[in-house]
């Protein structure tokens with residue numbers, strides 16, 4: 001009964017979404033206030049129904065109701081409870097339900113936090129969000145209903161894909177969906193601005209925290225995905241340029257560009273049209289991501305079961321979004337205006353550089369991902385584009401970008417003097433240079449690319465520290481409290497996020513140059529070495545987990561005869577698919593290196609194939625990613641944005657500034 | 001002028017959407033292998049170990065053999081390698097293309113855990129890969145003694161495929177060898 005109620009709630013949510021996509025917009029164009037206000041309550045209603053629906057599906061998993069087809073395919077009786085709950089989003093249908101639920105949650109958040117938005121603007125934003133909801137809800141109900149029943153109820157379910165039975169997998173999809181879905185809010189703001197033809201600093205100030213928060217979630221989602229792949233897939237790789245990774249990376253790149261372009265729009269009124277275009281593209285890329293993953297158009301480890309109907313539907317959504325948004329853009333963008341001018345050397349010009357580089361990077365990823373498909377479509381053969389392409393295209397784009405990260409925050413808006421920048425930053429530059437020479441030597445071998453990467457990372461960190469110090473020193477006379485207060489969250493958050501990026505760059509530079517992977521044959525008592533560590537296999541014994549058998553090796557790791565760790569990698573044979581063993585790697589993590597062992601096949605006798613990894617600075621990769629997201633959250637939490645909301649004047653016309661005489665008027 | 005500004009993005013968007021539409025109709029997993037049953041395609045490449053030596057399809061022909069396409073950047077190849085080592089130990093000849101790779105990287109790849117390959121043709125630009133219809137690494141072909149392609153597998157070999165398909169086929173081909 002509960003699944004039917006869940007289904008019913010899902011359909012009701014769709015009905016509310018349809019109303020939400022029409023009524024507020026009519027209200028906004030006719031100036032009908034009650035209609036405008038419906039947006040908010042419809043969003044709340046939608047959210048309530050979807051939460052209920054989501055709960056109904058979760059319950060079906062908890063009680064193992066295998067009459068629900070989706071449950072039967074993605075769970076079984078032996079599955080541990082925490083994975084039963086997370087299996088809700090382990091397959092296509094359930095993950096879509098989660099997607100629409102999160103979308104509704106964002107809608108409620110917008111309704112709740114944007115009380116000070118002009119009514120027309122809020123109504124339009126809610127209307128556009130309603131349309132996005134209609135798209136995804138209709139997709140769920142029509143092609144991917146998670147509540148479909150089975151006529152013949154199986155005694156036990158299949159299983160959740162063993163790869164997904166892992167803590168990393170529990171958090172990866174929700175975080176990523178939070179980010180993806182957040183892009184719809186950004187998109188809604190952009191479309192609302194296009195409809196009204198008004199785009200000013202206030203609009204940018206409202207959009208900024210939403211964009212930043214969505215970006216943070218996307219950063220976390222991608223980071224956790226990479227972390228999960230790193231230890232769970234047992235290859236020691238953390239990024240594979242897989243089409244689906246690219247699908248999440250492309251909107252991230254565009255969103256990163258958008259954050260920076262929004263800064264220009266808010267502070268200087270510049271880049272207006274470009275900002276809108278980026279917002280549209282970021283959202284379109286999230287739909288494209290869904291299309292790639294869920295249509296089967298490209299094969300990848302991430303692909304859900306392919307179904308051409310779903311592909312057609314998502315393609316239709318993509319077409320409507322792109323054509324609709326671009327048509328609106330073509331009609332309205334000239335009215336929005338291009339914004340003020342700026343000198344050839346100014347913060348605007350440097351941020352323009354940032355935007356161009358990020359956009360080109362995204363285009364390069366796009367080409368690499370779809371080039372094989374295009375060739376195939378024209379009958380020119382099937383090819384695959386591997387990491388060599390992406391590495392060789394990406395590196396030359398990232399070097400100037402990272403260099404700019406160090407400069408742009410120090411440079412004044414509108415017009416600046418490069419000589420002045422050079423004077424300010426010369427010591428930071430020399431110090432970064434020195435670090436790039438010395439740091440790689442600690443790894444025993446100096447490599448130019450590593451030196452370049454470490455130098456750029458040091459450059460970002462040093463210039464950030466310099467900027468923070470300068471700002472505090474300006475308030476030196478006013479005491480320490482004032483000095484600390486001068487570090488506004490938006491300012492400090494920006495530098496934290498940049499520092500996070502620098503730390504990720506350190507990790508990439510180090511691990512790409514100095515990692516050691518060795519496949520060795522080890523019998524009991526035998527020792528092999530990798531990366532300066534010795535690995536001794538003590539033995540391999542069978543162990544039993546909740547729903548799998550495993551061979552577990554005990555490997556003692558030493559360095560120069562000093563004990564380092566005991567590692568216990570497993571080779572798991574899940575009851576549901578024992579012929580497809582899963583590698584459970586075992587890691588010993590330290591700040592500047594991971595030692596990592598996974599257990600391969602059994603060779604003759606008691607000997608095993610063991611894979612030894614030495615991964616320098618991997619810890620920095622995850623720390624850097626967290627720092628980036630944390631910096632973003634901090635920046636988004638700046639009171640500046642909230643004050644702006646409180647101060648915003650609500651007028652019938654929309655975003656008009658408060659109509660107050662600027663000077664004193666002489667009255668008769 | 002104004003029209004062109006609108007038209008250009010429109011055409012681009014329509015082209016991309018059209019591409020995806022066509023892509024939907026194709027099944028990326030279903031890979032027709034027109035080469036099965038045909039002679040090994042001709043090629044001419046440097047030997048991996050010695051740039052002075054030229055390797056052609058003739059070097060692959062003469063006995064029942066596997067032809068494996070690999071690259072050092074291909075993680076799946078690395079996972080497949082132990083299986084190839086095992087096959088080599090059993091005395092099965094494995095020729096190979098080192099595909100879109102550099103000698104230095106590939107050398108490191110080989111030195112990690114020995115070299116299962118009898119012959120390695122160095123194909124840095126994927127030239128021979130094109131002739132052989134390489135779709136994605138790793139790929140494995142089975143050649144009979146006369147140099148006919150008898151089987152093609154895209155993606156890594158595994159124990160199941162070996163036992164059910166590849167090894168029986170090799171045994172059969174050995175038996176029908178003149």
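Glycine residues also receive a Cβ, built from the backbone N, Cα and C atoms like all the rest.
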Which range is transmembrane segment per TrEMBL? Of A:249-266, A:375-392, A:519-536, it is A:249-266
When TrEMBL is consulted, the range among A:154-175, A:352-373, A:550-571 described as transmembrane segment turns out to be A:352-373
As TrEMBL has it, transmembrane segment corresponds, among A:77-95, A:96-114, to residues A:96-114
Self-check item: Contact between the transmembrane segment (A:121-142) and the transmembrane segment (A:249-266) (3 or more Cβ pairs under 8 Å, separation 6+)
Solution: no
One stretch in A:6-30, A:177-197, A:249-266, A:273-292 has more Cβ pairs under 8 Å to the transmembrane segment (A:96-114) than the rest, namely A:177-197
Any chance the transmembrane segment (A:273-292) and the transmembrane segment (A:6-30) are in contact, meaning at least three CB pairs closer than 8 A with a sequence separation of 6+? no
On average, residues of the domain 'Cytochrome c-type biogenesis protein CcmF C-terminal' (A:315-639) score a pLDDT of 90
